[in-house]
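S.K.: Quick one: this structure, given as structure tokens, is what I'll be asking you about.
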Amino acid sequence: FCSDNSNIYICHRLQESLLSSESGYSNYRGILNWCVTVTMRVLDGPLFLFQLHRYGILVDPIQVVSLFLKDPYSWPAACLIIVSNVFIMAALYTERRLAVGTISEGTGAFLYCVNLGAILCFPSATVLIVNSMTPVGGVFALGVYTVLLLKLYSYKDVNKWCREIRQAKARTLANGNAVHSHVTYPGNLTHRDMYYFIFAPTLCYELNFPRSPRIRKRFLLRRLLEMLFLMQLQVGLIQQWMVPTVQNSMKPFQNMELSRMVERLLKLAVPNHLIWLIFFYWFFHSSMNFVAELMQFGDREFYRDWWNSETVPYFWANWNIPVHKWCLRHFYKPMLRRGVNKLPAQIAVFLLSAFFHEYLVSIPLKMFRLWAFMGMMAQVPLALFVARFLRGNYGNAAVWMSLIIGQPIAVLMYVHDYYVLHYGGVSEARTA
């Protein structure tokens, strides 16, 4: 929108998600490697039936409420999210002052530093201090604030680019893909424009997002039914399959029994991976397409064909497109323009991602173990190894194995340390 021939300004276009029938996409060759990999753990099917027979039905939808609320009359996570409007308004009114020249660019940069720093520190301090905040409620609140931080950083950058173009006497700030009438700077500095961006399923700001011509009611209903069904399915699998497996893993981890630790890890791998895949579809396809359809947001590229990944960087660049676009546009490319080499810039992106992974886990759990951080940084040597020694299907299989085995290790580490820290040790676990 700020320049017709510069991709840094325009990062959205009208398109469907790959898993939508309208996209016409049909390349699922990576799923074959997934099938081969998961077949090695096919005995977990009988294990699931064994757990169902041994423990009975453990699914309790009402119990899920307790994960968000300790006290039904105290809603700290919801209150924290409502307070986020203060930071949104601070960003909007800072931009308005910058647009009319009431404050200088230096003052504006300082105000943004304060505002963005507060977005990072205020919710984390609240989660750590407020005793009625549950870990799940804390993750949800911090997730909302992290998204807000990235959005407002993009909002700051784009409006700054527009001021620079205006000073260079540029005439148009429009995106040719937009269906609705174009908005030009500073006409975008309105409450309506700001909150459209806040709720839109993207982290990268534009003055004129590509818009779909109408709301497809059947498409919307399908996505809603998927969201409801898959949410219940995830809850059921966690309560019935994962929780007993994790509980039975505590004693081997406490006693450092290596053979039993490996056994528990492999038992946890398949249910954890299955829940992750369901979460991916629920969040990146069903939920984000639901919001996009409701808001007539035209760019539905929330993911690409990460299941075909033959390298680790390809996976991380394609499984979460909103974050990838933000990192590329506001972090990676600015470093390259400042003369940083590609490899250090890529490592810096992983460092940033590792920080936020740890931020979203350690603070809600109120303990700092760096397992998520180290797990993310371990992707760097893994990426170098796969790129050097593995090609084609072997590389794709290595990516799948890292997903299937890597996540359960982090889950067990955090659960073990959480029980030790909050309950003074691990109680005698039931034997599986």
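Backbone N, Cα and C atoms are what each Cβ position is placed from, and that goes for glycine too.
These figures come from a predicted structure and were not determined experimentally.
Annotations per TrEMBL:
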ACT_SITE  His357  active site
TRANSMEM  73-94  transmembrane segment
TRANSMEM  106-130  transmembrane segment
TRANSMEM  136-153  transmembrane segment
TRANSMEM  224-243  transmembrane segment
TRANSMEM  265-284  transmembrane segment
TRANSMEM  343-362  transmembrane segment
TRANSMEM  368-390  transmembrane segment
TRANSMEM  397-415  transmembrane segment
S.K.: Who are the chain neighbours of the transmembrane segment (343-362) in space, where the CB to CB distance is under 8 Å and they lie at least 6 residues beyond its ends?
M.R.: 124, 139, 142-143, 146, 313, 316, 323, 327, 331-332, 335-336, 368-377, 379-380, 414
S.K.: So which of 106-130, 224-243, 397-415 has the most C-beta pairs under 8 Å when paired with the transmembrane segment (136-153)?
M.R.: 106-130
S.K.: For His357 (active site), which residues in the same chain are close in space, meaning a Cβ under 8 Å from its Cβ, but six or more apart along the sequence?
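M.R.: Listed in sequence order, they are Ala372, Phe373, Gly375, Met376.
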